[in-house]
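Let me begin by presenting the structure, written as structure tokens, before commenting on it.
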Amino acid sequence: MTLEEEINESNKYYRSHDIAVIYKKPTPIQIVKVDYPKRSRAVIKEAYFKQASTTDYNGVYNGQYVDFEAKETKNKNTFPLKNFHQHQIDHLQMCQKQGGICFAIIKYVTLKRYFVTPADLLIEHWNAQNHDGAKSIQLKDIIEGSIEIKANYNPTLPYIDAIQQLIESGKEK
């Protein structure tokens, strides 16, 4: 299962148990050409992105706005910053300024490890790459600055527990 599928399953669980209301954001596209072999079988043949999307997920948990990105890597020791785009980092910063809880869920596919990484850690490393040239975050830094979550049955990824820990520790700001 991909990380997004795992998160989507978790979100269904959270909604059905009245814990949180979090959805995957649709990617805005402009359809240019459609083939209609039959009306019920329309096929999009050409489309383009209307605008750069922001982050993957948003919603509300315990009365607080939540906004986050889902990222996977097959690397074992680092997380490449090229997995993010400037507009995503900007969006996380703007949401944080408004009091939102912002983070990324990072899956190390090969290691089968998951981390809820606060936006502050991502932003710090994103900005530092222009000064020290490091184009990735070391796994040890992810471990030290994030909350590790374990895959489960229900919810598939218990990331709400990590959000609660971020709130209690003050790391979401």
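Cβ coordinates come from backbone N, Cα and C, glycine included.
Automatic, uncurated: that is what TrEMBL annotation is.
Site annotation for Mg(2+) in TrEMBL covers Thr54, Asp56, Gln88, and the matching candidate from Glu46, Glu69 is Glu69.
Within 10 Å of the C-beta atom of Thr54 (Mg(2+) binding site) sit 18 other C-beta atoms, taking all shown protein chains into account. Every protein chain considered, the tally of other Cβ atoms within 10 Å of the Cβ of Glu69 (Mg(2+) binding site) stands at 23. Cα spacing between Lys71 (site 'Transition state stabilizer') and Asp56 (Mg(2+) binding site): 9 Å, rounded to the nearest whole number. For Asp56 (Mg(2+) binding site), the same-chain residues 6+ apart in sequence whose C-beta sits under 8 angstroms from its C-beta are Glu4, Ile7, Lys24, Lys25, Phe68, Glu69, Ala70.
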